[in-house]
Amino acid sequence: MRILIVEDNEDLLKTVKKFLEKEGYVVDTATDGDEGLDKAFENRYDCIVLDIMLPGIDGFEFVKALRESGIEVPVLMLTALDAVEDKVKGLSLGADDYLTKPFDLRELSARIASLIRRSQMVKGEELKFKDLKINTKAKSVRIKDVELKLSKREYELLEFFLRNPNVVFTREEILEKVWQNERYIRSNVVDVYISYLRNKLRDFGYDKYIETVPTLGYRFRWEERL
């Protein structure tokens, strides 16, 4: 597994690199956003560990550029700030997880392993979350081997959430991605179908993972965090 670490604190960078190499990873490093982005474009990585505050482009612009280029490598953001706004912003732009400094190296390694494991789960025809499985070819959903009867739109909404875990989406963004800007559709239709989907997931206890984020929208909470 190959990891890219983008961090301007060289002492921390060396410490993390040494630890992850002992864990069996191949580790590349960069000390500013521009250098890191160049490496991300030139190489294939299994995970990127990215500081928010960087010389050159910052972590937010880094993630935005990465996702706009279609690169879906898992990104773990590091922040010295415990501000909810920074975390929400990073996740909304396409980061997959975050870790607040200072952190335990064992937790960093566990989160990296979790992100890589999760990214492998969404490749191919099947998406998996706990006991929930989506066959994207057959357009079917099963929970604990029980088939879940969903409408076309409910299925598309659930698949969209599983492909974008922990990312906060506004109602307008969900409309654009799932409804693809169909004419004469109001944003409150998202609330209606979220309600439908939660009701069908409730018997299995999975409705709680579709979270309402006040003033923002919705996200699917992927519960693998420590």
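Including glycine, each Cβ sits where the backbone N, Cα and C put it.
According to TrEMBL, the protein carries these features:
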DOMAIN    2-116  domain 'Response regulatory'
MOD_RES   Asp51  4-aspartylphosphate
DNA_BIND  124-222  DNA-binding region
DOMAIN    124-222  domain 'OmpR/PhoB-type'
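Across the domain 'OmpR/PhoB-type' (124-222), DSSP classifies residues as 39 helix, 24 strand, 36 coil. For Asp51 (4-aspartylphosphate), the Cβ neighbour count at a 10 Å cut-off comes to 24, with all displayed protein chains included. Each residue in the domain 'Response regulatory' (2-116) gets a DSSP state, and the totals come to 55 helix, 24 strand, 36 coil.
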